[in-house]
Every structure is written in C-alpha cells, then in structure tokens.
Amino acid sequence: MTKKGGSAFLHSKSSNLDKQSPVDHPDLMSSENTDFERLPNESGGFVKIGGPLTEASDPRTIKGAQHGGGGGMGNRLFFLRVIDSRKWHYSETFALFLDFFVQVLAISFAPKKTFPDEIAAKSSRLFSSGLMLCYFIDMVIRLLGMRLALFRSHSNIADLVCLLGMVVLVGSRFVMPEREYWLCLAYLTLVAMRLILKPRARTFSKKLHKFRANGDHIRVSIESLRASLARIPGISALAIEMMETDLVIICGRDEGDMTRDELMSFLERALHYRPHNLSATEFLSHLRDIDASSSNLAYGSVDVVRSTLWHWSNQSTDLVCIFFVVCVNASISPAMAYFMARLSEAFDSVDTPPLKENQLHIGIIGILGLCVPFVIGNYAVGYFQSKMISKATELMQSKLLDIILHQGTNFFADRSEGDLNNLFSSDIARVNGLWQAVFWNLFNPLVSVIFGFGYALYMEPSIGIMSFAFAAVILSSGPQGFAAQRSKDFGSKNAYVAAEFQNAIACQKVVRAYAIQEPLLVRFKKTCSALRKNQFSKDFWSSVVQIYIESAMYIFIAIMTASLSMKVWRSEISSGDFFGFTTLLSRVSSPVTVLGGFMRVAIGNASSLQRIDDIILGLGSTGGGDDGDKDLPSLPKMDKDLRIESLVFKYDKASEVYILNELSANIPRGAYTCIVGPSGCGKSTLLACLMQFQEADGGCIRLDGHDIFNFSKKSFMDQTAVVFQDGGILNGTIYDNLRYGNTEASNADCEEAARLAECHFIKDLKDGFETIVGQHATCNLSGGQAQRICLARALCRKPSLLLLDEATSALDPETEASIVATLERLSGKMNMTIISVTHRLSTALNSDLILVLNKGRVAEQGRYDDLVRKGGLFYEMVHKTGKEDEEEQKKPAGPRHQSVDTIGPINEDSLVQTQDSALALQQFTKTLSSRVVHEVSEGPRAGGQTSWYRYGNRLSNRARKTSQGDEVYTGRRSQNNSVDPQWYPTSSEMQARGHTASGATEDERSKYFVL
C-alpha cells in the first residue's frame, strides 16, 4: 500500500471509530451536555441526537401518522439545525440589534415629556411589534427542537424570560402612554440582554446536533505531549524536530491545549517517525500519561477571575489598598465631568464677561486639583499591583513544590517529570501574565466604566442605562472568534513555510548537485504568497477586533452628543451638563476598549491557571502526606531480624494477577542481602513495599516481630536509608547533601559518614566539603563519586536498614566493584542490614544471602556458590548472563534506532502494519477517554471542583489481615465512623461495576435527564 493509501485507511478507521463510538460514562457530561433522546417504547433504549437512528425512529421510515403525526427525531434535528444555522442566527441577531438601535435613537432624540406623541416613539413601538413576530417564530422553533432540554441551559432560560418580558413591555407601551419613556428604556435593556445571551444559547443547542463521545471534549496539554515525545526511547533528534513541525502545522500554535481531533491527526503522522524497534502500541504507550482533561470543565473567564481572587485573597491589606486607589482613579473621570460642568456654567456666552465667578473658581481649582490624585493614584496602582502579583506568584511557587513533594507514589507514576517541570517553568509565567491582564484589562477598566457610567446614570438615567447596555452588547459581541481562527490558520501555514525552508537548507547538497534552485524557489514563492494572504487575514481581523469596539463607541458617543445637544436646545439640561457628559463619555470610552481585549488574553492562558489550580486546590485540599499515622506508636529500633511474611501486592486491585504472591523471607541483622530475579518477578515492587512507597494488600513486614504497619511510618523510615540508581544529588554543598540524610548531623558526623563511604576524593576538591554540587556545581563529579556521596548521605542517618535500588547498575564494572566492596565492609563494621536489588549478578558474589524471586515468590535463597551448585533458576541466570556478555562483545556497533535517512513511514507497503497502527490509535483514544471519565465522573470534578486526582494517604487502604490473624485498621474514618471506600477505581473495577470504556450501563443511562 502506498503512503497515501495507508494514511487514508488510517483516517477512515479513525473516522469509523468516531461514528460508532457509543456514549462514554454518563457522569462525565454536565447537565448542559446530556443529549439523549428516549425512543418510543417499541424501540427501547436511547439514541444520541445527531447519531445513527434505529430504523424504527428514522424519519425516513416513519409515517406521518406515527407517534403523534410528527417526524420524531428527524423533525427535531431539522428545527435545531435551522435556528442554529449561520443565516438564521445572524439574521435574528441583526433584527435584535436593529431593534436596540431604533430604541436608542427614539430615547435619545424624542422629548421625555411628549414622548408618547412623538413620531420616533410611535415608530419604535410599531417596529418592535413587527419584529416580535420574528422573535416568536425563533423561540417556537427552538422549543420544538430542544423541548425540555432548553431548561437545562441557563442562557436559553434567560433568553426565554427576556422575550416574555419584552412582550409584556411592548403591550404596556400601547396601554400606558404616560410611562412609555421608561417602558422603552426597560425594553431596550431586555433587548441588550438577549443580544448577550443569543450566542451562548446557540452554543448550547449546537451541541445537540451531533453529540459525539467524550473524546471530542478532551483537551490535551501541548507541553505535556512534547515532553512525553522527548522521553520515548530510541527517538532521534530529527524525528522530534519533524514531529514538532507537524504539531504546529496541525494546531497552529506551539503552546496551550489541543483538541482530540488535533491529537489524532498528529498521532497519525507521528507514528511514521517512531523508532523501528517500537510497534505502534508501544509507541503510544509512552504517551499514556499526557495531561488530558475534559473541555466541559475548562476554565472560562468567570473561573479565571474567581481563581485569581482566591490567589490574591491572602493579601487582604494590599487588596483593600489597591481597591481604594483604583476607585480613586476611577472617580477622576466623573470628577472631571463635574468640574467641566461647573466651569462652563460660569459663562452665559463667550462674548459676555463671567457672571458666576464662584462656578469659575470651582471649575478651575477642581480641574487643577485632579492632577494630584491622578498622578499619585497611577503610581500607587502600579506599586500595589506589582507587589500583590509578585507575592502571589511567590506563594504559588512555594505551595506547588510543597504539595507535590508531599504526594504519594501514585502521583509521580501518573505525572511525568516533564509535566511537573512544565508547571513551574511555563505555566507559572503564563499565569503571571494572565494576572497582569486580569488587573489591567479587567479590574481597573471595569471600575472606571462602573464609576463613569454610574455618574451618568445619576445625572441622567436614560444616558446611563443606554451607556451600560451598549457597552455590554459591544463587549460580548464582535469578530473575536473569527480573528482567533485566522490566527490559528496563520500559525499552521507559517509552520509549513518554515518546514519548507528547513528542508531546503537540510538538502542543500542535493539542491546544488542537481541544480534545482529555480524550481524550488518557484514553489517556495507560491507557499510564501499563500502565507502572505494568511498573514494579511490574521493582522486585518486582529485589528478589526479593536476597530470594532472603537468604532462602535465612537458612533455611540456621537449619537449621545447629538442627543445631549437636543436636550440643551430643549432646555432639559444645562450647557454645563452637556460639557460634563461629553467629557465623561469620551474618557470612559477608552476603558471600554481595554475591556474588549481581556477575553482573548484570559482564554489563551486559562489552561495554565487551571493546571496549577488542579494541584494547589485539588491535591492541596486533600492532604496527601502521612499525617494520618501520627497517632501510631514509634517502632523500636531493629535488633534481630527483618521478616517478610506472606506479602501480597498487585497494582490493579481488581485483577487476579499478583506482583507479589505470598512472598516470605527472613533477613538477619547485619546481613548483606541481594534480591535478584528475571524481569517482572517483583524485585522493585518488594523494595517499594519496604520503602513504604507502596502499601501491601496482604501479609506483613516485621522488624523484630513487630508489624511495621502498626507503627508510624516516620519511626520506620528514621532507621532506614535508601540509595537509588540515579543517586539524587541535590543543589547545594556536599555538607548540605549529607545533612539531608540527617538534619541534626554536625560537620564531624558528615565527615565520618564520608570516610565510611570512602569519599576520599573530597579532600582533593578546592573547597572540600563546601564544594557546590548539583545543577549549580562548581566541579564535575564522576558517576562513582556521586554514588559515594549518596552512600555517605545514607550512612549519615546511621541506619539499621540500608536499601539499594540498582545503586551500582549505571556505573562501570571497576567503579561498581569498588562500591560493592565498600558495602560489604560496612555490613560487617556497622552491623547494618543491607538489602540490594540488582540485575548484575556479579555484585552478589560475596553477599551473605541471595533471594531469587520468580513470579512474586522466593524461588531460591542461599549464598552464591551454593545456588550455582544447586543448578536451579539462579544457575540459569548466571549462565544466560555470561552468554549475553559474550554476544554483546561480538556484536558490531551500530545505531539502536532508525537512522536519519530512514525516517518516514515504516513498512509503508504493509497493509497489516497500517491496520495495527489504526487499531492502536483506536485503543489509545478509548484509554484517553476513559481516563477523562475517571477524572470527571468519579473524581472531585464531578461536583464542579478542580483537581486532577486525589491520592489516599498511607491509611487509605482496606484493613489487612496479618499472618497472625490480627485485624489492623488502615481505613480512613469519616464523620460517621465508617470506612471510606477506595477513592480511585481502576479500569477493571469500572468494568466490574458495569462502566466499560465504551459506554455506561442501561441503568445508569436511565438516570439521564430525558428530553
């Protein structure tokens, strides 16, 4: 099959998945997204609006007389698609805007006293009455299409209420002429509200047209995807570069979130660049932990403001100060209008001398006096907002690290290191910019608008009401969405042009060898020409967004100025009031324009704020440390032995596959013990249980006969030390790193621990123990030196039990042998029990005890020579390791993954492999959707809260039976003294409950709101 054919097949498989995928877990969807229709009794079950209909409900097979003579679902879908079509929606919106504009003109230019008798008032009344027929047709069709679903949308309910209010007001204008002026103002306000509500009502009803599975509501962090791609083993730098280019081409941006369709389009291309030794399923498995969430729970502008205020709430003094200063600044515009009015009232005309000297003095002194609060206020606003945002950022940074470091093993298993680093390096910076926008583009101009138009409302209610209504309509409408789409198109096209340029440079030898500069230039110029059109469209519509608001405000101010002139001519207001109003309107128009840019900034950075809130508000509110075991007694210090009795553990609690299966062992104190075995036998899991990173499902671990789970975790860890494979050198001096093992250790204690770990190289360093190591290191440490520092850190703790997790596997054989010899000496010298998990059998040569694990049990145990003579599993491992070493030495050197020249579709002529890729993508989509189901339906977001996951603490698991039959309480007690169930269900548990990856049970569907 050709590449094109393979892609077409892949696309068709993905499309079929979309069409056939049933509705996922019902609790995922909010009430505004539950779009099921109960079929007639003879058909049974549910169908999705817009989804495939059963034959009994297909409008093409239903006679007009059936089911009440209607076309059922077909008619409803027809009605919905009519009212939500672009032509209908914008025609209806245009009619509302005309109605609004006509009422503004009538109120502005008709005298208030004789308003009912004026032609403008009569014309506006008749015009509104005529449009009322259009409004009724629109609402009737909407009701026929949505029926009871309309009452699940706040926007649609408010729209219906506003329409009913408009009907009452229009009727009242005919029968209550003495109050028509105020009735017309109220009618204008309701029209403005409908103009604001219409787009939101349409957004909801459009979801009913073609409701697809949860996957369409998934949002994936681009940074998270990028970090996961970089961690794929064997991936080449060129493959990463090409995938980065494809990512920008598809998404049109290189940060933020991507949709489910964008993700699938990207993965179809990314599969072509995977290393040759990875199957499609293996490749996609490395992306299983990407940051995915439901777009139904994505932060909107209200959430952004609420979250921002929460982050600022601990600075109450600064908040009060800044609110006071902003109010002072906002009051300058009304004050300027007032003093302008007083100043103008000092003159009857420009040809006569001043007749009102007092008004003149008030006006001059007031205008000059405003300079002081204006300058001081602006400086104070800048100072307080900078102080408040910087302090809030500092608190966010410290809280983020504090909460993350107190999480359990499951948290770090589900979140990659790159994802967590991205929170600090990228998301916090974007949140900082968002907070700047919240203040300067929302709070500050909003207060100015409220004060300005509020003063207008006080001086002349009609002017104030029209100003508020017009500003709200302008800010909630406009071509923002169209401009955003043009920006995305430009981003994709720009990435495509950049890829063309990079390709030409990379292949410059081929270009010069074949002299194909001219054909390439011709093609590149065409691409640049297309990019120019996209750039023009982006820049033009970006400017139109601003021009739209500025132009609308200019027109409104012009109308108001003309209206005020008429009022002065009719002696309804004074000339001073005229100058005051015009000054006020011109000054307040600028904050209205600034407000228009807030939505774009807020939505663009809201995802970063939400990801941080999911950690701080979600995980921070649930604890996550081991505070629950503080009341447990302290474990006595180890004196005799460590016994493991019938230890049972499995990661998937609903599965029947055990990682540790009744594992038992006895390790005497002072013994140097090695744990070995084939891959997947449970070595690392056993060590994780010993380190308290995982809690066993059964059995017990005893120290001198004491079950450690009956004692506090801290008391056990105080006499335990760990050395990991990657060491873990923290930033700071060598002294600092050693004291992390024992915070109360003196310099002498640290130096003694370093001597025991044979860190003789420290004396040769320029600054000795004060040498800076870690990421800010002033010297380069070898792998062996770094591991010896980590060993010294462990010894500084003076542990009874030393655990080694592949501590020497990353070192060369000579360094490894040296460290192993050190460990053997320490075991005898300090009477310290050492348990080492290793896959290098040579490190176990002189150990006191070897535990050979297989299938979660101790298959063999003894010393090295005894196990080899026995001829069992250990002997086979030693024999196999020797053969592999010989073959590795004979094997010629070569690339481990696909070379640069072979990057591209892998076996593109193989239909079978293309099918496998399609199936792998289907499974990946299903798994991703299932993850979002867990997050929303079972997690705290089900109630509208914001958090990724919750992790139980050490006491959150079920009660266990020890080997002696004693019941140990490990459940988390609620207020009613009942044990909370396990919070986070696995996929198997969901299946056991009837929650399959593809949909919900029939009983659960019946809980849905039926249209």
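Note that Cβ sites are derived from N, Cα and C of the backbone, with glycine treated the same way.
What TrEMBL records for 881-891 (among others) is compositional bias 'Basic and acidic residues'.
Residues or ranges marked as compositional bias 'Polar residues' in TrEMBL: 972-990.
Taken from TrEMBL, the feature compositional bias 'Basic and acidic residues' applies to 1002-1011 (among others).
Sequence annotations record features per position, and here TrEMBL assigns domain 'ABC transmembrane type-1' to 322-604.
The feature domain 'ABC transporter' is assigned by TrEMBL to 642-880.
Annotated region 'Disordered' per TrEMBL: 1-35 (among others), in sequence order.
According to TrEMBL, the feature region 'Disordered' maps to 881-903 (among others).
As annotated by TrEMBL, region 'Disordered' applies to 954-1011 (among others).
Residues or ranges marked as transmembrane segment in TrEMBL: 94-111 (among others).
Residues annotated as transmembrane segment in TrEMBL: 126-145 (among others). Beyond the ends of the transmembrane segment (126-145), by six or more residues, the same chain brings 75-80, 82-83, 88, 92, 95-96, 98-99, 102-103, 156, 159-160, 163, 166-167, 170, 187, 201, 205, 208 to within a C-beta distance below 8 angstroms of the stretch.
Taken from TrEMBL, the feature transmembrane segment covers 157-174 (among others).
Same-chain neighbours of the transmembrane segment (180-197): 93, 96-97, 99-100, 103-104, 106-107, 112, 115-116, 121, 124-125, 128, 155, 158-159, 162-163, 165-166, 169-170, 172-173, 461-462, 465-466, 469-470, 472-473, 476-477, counting only residues six or more beyond its ends whose CB sits under 8 Å from a CB of the stretch. Taken from TrEMBL, the feature transmembrane segment applies to 180-197 (among others).
Annotated transmembrane segment per TrEMBL: 319-340 (among others), in sequence order.
The transmembrane segment annotation in TrEMBL covers 360-381 (among others). For the transmembrane segment (360-381), the list of distant contacts is 321-322, 325-326, 328-329, 332, 335-336, 338-346, 354, 444: same-chain residues at least six beyond its ends, Cβ to Cβ under 8 Å.
The transmembrane segment annotation in TrEMBL covers 438-457 (among others). Tertiary neighbourhood of the transmembrane segment (438-457): same-chain residues 304-305, 308, 326-327, 329-331, 333-334, 337-338, 381, 385, 389, 463-465, 467-468, 471, 581, 584-585, 587-588, 590-592, 594-595, 597-598, 601-602, selected by CB-CB distance under 8 Å and a gap of 6+ residues from either end.
Counting only same-chain residues 6+ beyond the ends of the transmembrane segment (463-483), those with a CB under 8 A from a CB of the stretch are 93, 97, 100, 104, 107-108, 185, 188-189, 192, 195-196, 199, 449, 453-457, 538, 541-542, 544-545, 548-549, 552-553, 556, 560, 563-564, 581, 585, 588, 592, 595-596, 599-600. Annotated transmembrane segment per TrEMBL: 463-483 (among others), in sequence order.
Long-range contacts of the transmembrane segment (540-564) within its own chain (CB-CB distance under 8 A, at least 6 residues past either end) are made by residues 104-105, 108-109, 463, 466-467, 470-471, 474-475, 478-480, 482-483, 486-487, 573, 577-578, 581-582, 585-586, 589, 592-593, 596-597, 600. Only residues 6 or more beyond the boundaries of the transmembrane segment (319-340), in the same chain, are considered here, and those with a CB under 8 A from a CB of the stretch are 312-313, 362-363, 366-367, 370, 373-374, 377-378, 380-381, 384-385, 388, 443-444, 447-448, 450-452, 454-455, 576, 579-581, 583-584, 587-588. Summarised as a single figure, the pLDDT of the domain 'ABC transporter' (642-880) averages 85.
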